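Take a look at the structure below.
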Amino acid sequence: MDWKFLQGLLSGVNKYSTAFGRIWLSVVFVFRVLVFVVAAERVWSDDQGHFDCNTRQPGCTNICYDYFFPISHIRLWALQLIFVTCPSFMVVLHVAYRDERERKYRVKHGEDTRLYDNTGQKHGGLWWTYLISLFIKTAFEVTFLYLLHYIYDSFKLPRKVQCDVSPCPNLVDCYISRPTEKTVFTYFMVGASVLCVVLNICEIFYLIAFRVVNLKHRGSAHASSRKMPPLHPDMDCDGCKPSHTS
């Protein structure tokens, strides 16, 4: 898979992200994509070829491998990385939509007019788009962590598994290649995924808190402007001295 293409697409997300979003993006590419491409793929490259069972019954080894590994860790992680990064494109598409509206508005009303102060500013609909993308990313992360634990019953790979699925003649022992190394990488990828979940949750609370503070500030400013007493006709512009007419 060409991960450089995905990196190029997500590079535009970085300038619209908060501090938590930039940290999340760094974790994804440094601790997940880079480790996935450089090391993890090589560790699982001989996964099926070195899965050995103590029987020569034709088809038994393949059936037992498919039984214990219905989907490879490496393919599940690849799907996870794709699913958790795609919601970020919602923000980029929304900003592109704003840019197009801004362009049409200037064509219609003149180059000196503006529809948005900043098309990438997170307010209004873009704020909701950004927040929804965070919820979707978090849901995908948690879902894939659950699937990984559900499919393999644990994040730790055993050294030996037993299989009695047909066409195996009886209960046979099968051995996984490099189980310790694969377990280390599994825990590392799980830990990076949990860290991303924590960053997403922190960013959600940050966005909500920032929005609440802004709304409270606007409400206070509006209330104070309404409470200002009207100027007396005999008062000058400062409202503190009577005016003198000549």
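For all residues, glycine too, the Cβ spot is worked out from N, Cα and C.
What you are looking at is a predicted structure, and each value in this text was computed from that prediction instead of being measured.
Taking Cβ pairs closer than 8 Å, the transmembrane segment (21-40) reaches residues 3, 6-7, 10, 13-14, 73-74, 77-78, 81, 84-85, 185, 188-189, 192-193, 195-196, 199-200, 203 in its own chain, all 6 or more past its ends. Marked as transmembrane segment by TrEMBL: 21-40 (among others).
Remote same-chain partners of the domain 'Connexin N-terminal' (42-75), defined as residues 6 or more beyond its termini with a Cβ less than 8 Å from a stretch Cβ, comprise 36, 148, 151, 161, 163, 165-169, 172-178, 181-182, 185-186. Taken from TrEMBL, the feature domain 'Connexin N-terminal' covers 42-75.
Look at TrEMBL and you will find 77-97 (among others) tagged as transmembrane segment.
Under the heading transmembrane segment, TrEMBL lists 127-152 (among others).
Per DSSP, the domain 'Connexin cysteine-rich' (140-207) is made up of 42 helix, 8 strand, 18 coil. Annotation source TrEMBL lists domain 'Connexin cysteine-rich' at 140-207.
Annotation comment: TrEMBL describes 185-208 (among others) as transmembrane segment.
Within the chain, the transmembrane segment (77-97) has long-range Cβ neighbours (under 8 A, six or more residues past its boundaries) at 1, 6, 9-10, 12-13, 16-17, 28, 32-33, 36, 40, 119-120, 125-126, 129-130, 132-134, 136-137, 140-141, 144, 189, 193, 196. When pLDDT values are averaged over the domain 'Connexin N-terminal' (42-75), the model yields 84.
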